[in-house]
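Enquirer: Got these off Swiss-Prot a minute ago, pasting:
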| type | residues | note |
| --- | --- | --- |
| DOMAIN | 7-134 | domain 'MTTase N-terminal' |
| BINDING | Cys16, Cys52, Cys97 | [4Fe-4S] cluster 1 binding site |
| DOMAIN | 178-409 | domain 'Radical SAM core' |
| BINDING | Cys192, Cys196, Cys199 | [4Fe-4S] cluster 2 binding site |
| DOMAIN | 411-492 | domain 'TRAM' |
Amino acid sequence: MSTRLHRRVALITLGCSRNEVDSEELAARLGADGWELVSDAADADAVLVNTCGFVDAAKKDSIDALLAADGLRAGGGPSGPADGAGPGPRAVVAVGCLAERYGTELAESLPEADAVLGFDAYPNIATHLAAVLAGTPVPAHSPRDRRTMLPITPVDRAAPALPPAAVSTGAVPLRRRLTAGPVAVLKISSGCDRRCAFCAIPSFRGSHVSRSPDDVLAEAEWLAGQGARELVLVSENSTSYGKDLGDLRALEKLLPQLAAVSGIVRVRTVYLQPAEMRPSLLEVLLTTPGLAPYLDLSFQHASPPVLRRMRRFGGSGHFLDLLARARALAPELGARSNVIVGFPGETPEDVDILAEFLEAAELDAVGVFGYSDEEGTEAAGLTDKIPDELIERRRVRVTDLVEQLTAARADARIGSRVQVLVEEVAGGLATGCAAHQQAEVDGGCVVRLSPGGAADDGPERLGVGDLVGVGDLVEARVVATEGVDLIAEFIAVLDRARPTAAVARPTPDRAAALVGRGVADGT
C-alpha cells in the first residue's frame, strides 16, 4: 500500500556515529516514499528521534529530546489537521537504541511519544509514520535480548533478487547524507560477540554481522561521489570484521581497496579491540598509503584484575607493547582510548596503575568515564560497588591527568609537518583535522593561510595563486597548540577536492529492492 502523500519529517540524531549512519538510512527510506526532510522540527508533520541508550546521561538526553519535540506541538497530536497546516509537529516517534532496548516500557512511561519503534521497523518506517499521522495505533516495540538470536550470517544468507552491488556498477546505497562536509562515516558491521561485563550493547544490537565487501566498497564510491574525502569506518567492533564471512583477514583485504577509491584521500578505522589486534592487521592499518596512522583502542583500564572483572584481556604491559609496535610502524601515530574508573572492586592501587599507564602511553586523546550500573549487565550484579562520590573523585583525578598528558602530547608535535583535511575556510584560516585527529572527537587543527586571501567564506586565495577550499588536503607546519588543538602554518596543497559529482537518489522501486541491504535494519 502506497504511503506517498506530501509529508514532512524532521530527524533528530543522538549518540554515536553509528546512529548517524542509521539516520541517513532512515532518511533515504523516507525520501524514497515521498517524505520531505526538514531541518526545523517545528516545520515537520512528524519528528523522528533517533535515540541513544548507552549510559544514563545519553538516555536522559534522548528523553529530553523527545519531550522537547512534544513541546513543539500546537495541541493537535496525530489527529490534528491532516494537511499539516497547523504549527508544530503532529507526531513524535522514538527509534534508535533507547527505543530498541526499552520498547514497551518506554512507551508506557513516556506517553509524549506517539510510537516507539525498534530496529526491525526500519524497513517500513514510512508506513509506520503514515499510520501514526492517520491516528492508527502502532504497537510499541517488544524488546528481545538479541544475544540469544543467532544471526543469519552473510555467508549463509540467500542472495538478494538483484545483482549484488560492486565497485563501479553505479549502485546507489539506500542512504542520504544529512550533513555536508568532507568527512563521512561508513558502517562496516553491526553488533558485537564480546561479553564485556559493563556493556549492554550486544543485548540490543545483537551479534556481530559484517557487511559484504562489495556493499562497503559500493557505498564508499557513492560517498566519494557525494563529496566525501575521508571515510571513518565504524562498527561495534571493527577488528571482528569478516569473521562471519569466513575470512579473518577480510578487513586487511578491504582497507587497501577503500583507500584506492577515487576521490578518497584518507580512511580511518575506529572501534578497535586490543585483544584482536593481530600483527598483520596492525601492519596494514599503519603502513598502507591512504590509511590514517591512527588507532582507536578501547583499553577501558590498565589494571589486570580490573580488566578480568570486566571480562576483558590484557593489562598495562600488553597495551604499552602494542603501542610500541605501532609506533615502530608509524612514528607519527595518533592514538586514542576510553577508560572507566570506579568499576566494582577497583582499588586505589588499580587507579595508580591506570594513571601510570596513561603517563607512559602518550595517547593523543582519552575519554574518561565514571562507572555506572547498566541493567541487564553482569557488572550490575557484582559486589564491592564503589560509592558514587568516590567514583567522581577518581574520575576528576584521571581527567585532570589526561588533560595535562594530551596537551603535552600536542606540544610534542610543534615543529612537525601534518596533513590537514580542510573542513572550513574563513578569515584567512583553514580548519580541519590532521591524520592523528578524528573529526569531532580528538580536537582539530587551525591552519594559517598566506596573506592576500579572498572573501571570508573561501576558498582562500593564497599569495602564490593557489586556492584552498573545503575538502582539500593541505600540508602545514605546527607552530603552536591550544590544549589538544594544533595551530599550523600553510605549506602546500597536496590534493585538491574535485567538484562533487551528481549522484542520483534511489528511485522508489530501487529503494524497495535495496531494503534489507543496510546493516541498520535490525541486524
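Count begins at 1; order follows the chain as displayed.
The backbone N, Cα and C atoms fix where each Cβ goes, and this holds for glycine too.
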Enquirer: Please report the Cα separation of Cys196 ([4Fe-4S] cluster 2 binding site) and Cys97 ([4Fe-4S] cluster 1 binding site) in Å, rounded to an integer.
Expert: 18
Enquirer: Cβ within 8 Å of the [4Fe-4S] cluster 2 site centroid (Cys192, Cys196, Cys199 excluded): which residues?
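Expert: Output for this site, in sequence order: Arg194, Arg195, Phe198, Ala200, Ile201, Pro202, Glu236, Asn237.
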Enquirer: Should Cys97 ([4Fe-4S] cluster 1 binding site) be counted as helix, strand, or coil on the basis of DSSP?
Expert: helix
Enquirer: Using the alpha carbons only, what distance in Å do you get between Cys52 ([4Fe-4S] cluster 1 binding site) and Cys192 ([4Fe-4S] cluster 2 binding site) once rounded?
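Expert: One finds 17 Å between the Cα atoms of these residues.
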Enquirer: Is it possible to get the count of other C-beta atoms within 10 angstroms of the C-beta of Cys16 ([4Fe-4S] cluster 1 binding site)?
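Expert: I count 18 other Cβ atoms within 10 Å of it.
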Enquirer: Write out how many residues of the domain 'TRAM' (411-492) are helix, how many strand and how many coil, based on DSSP.
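Expert: Going through the domain 'TRAM' (411-492) residue by residue, I get 1 helix, 42 strand, 39 coil.
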Enquirer: For the domain 'Radical SAM core' (178-409), would you mind checking the mean pLDDT of the predicted model?
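Expert: Here the predicted model's pLDDT, averaged over the domain 'Radical SAM core' (178-409), is 96.
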Enquirer: Near Cys97 ([4Fe-4S] cluster 1 binding site), which residues of its chain come within a Cβ-Cβ distance under 8 Å, counting only those 6 or more away in sequence?
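Expert: Within the chain, Cys97 ([4Fe-4S] cluster 1 binding site) has Cβ neighbours under 8 Å at Gly15, Asn19, Thr51, Cys52, Gly53, Phe54, Ile201, Phe204, Arg205.
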Enquirer: Sort out the sequence-distant neighbours of Cys199 ([4Fe-4S] cluster 2 binding site) for me: same chain, 6+ apart, CB within less than 8 Å of its CB, listed by position.
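Expert: Correct list: Cys192, Glu374, Thr377.
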Enquirer: Other than Cys16, Cys52, Cys97 themselves, what residues in this chain have Cβ atoms within 8 Å of the centroid of the [4Fe-4S] cluster 1 site's Cβ atoms?
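Expert: Sorted by sequence, the hits are Leu14, Gly15, Arg18, Asn19, Thr51, Gly53, Phe54, Ala58, Gly96, Leu98.
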Enquirer: State the three-class DSSP label for Cys199 ([4Fe-4S] cluster 2 binding site), counting H, G and I as helix, E and B as strand, and everything else as coil.
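Expert: DSSP call for Cys199 ([4Fe-4S] cluster 2 binding site): coil, neither helix nor strand.
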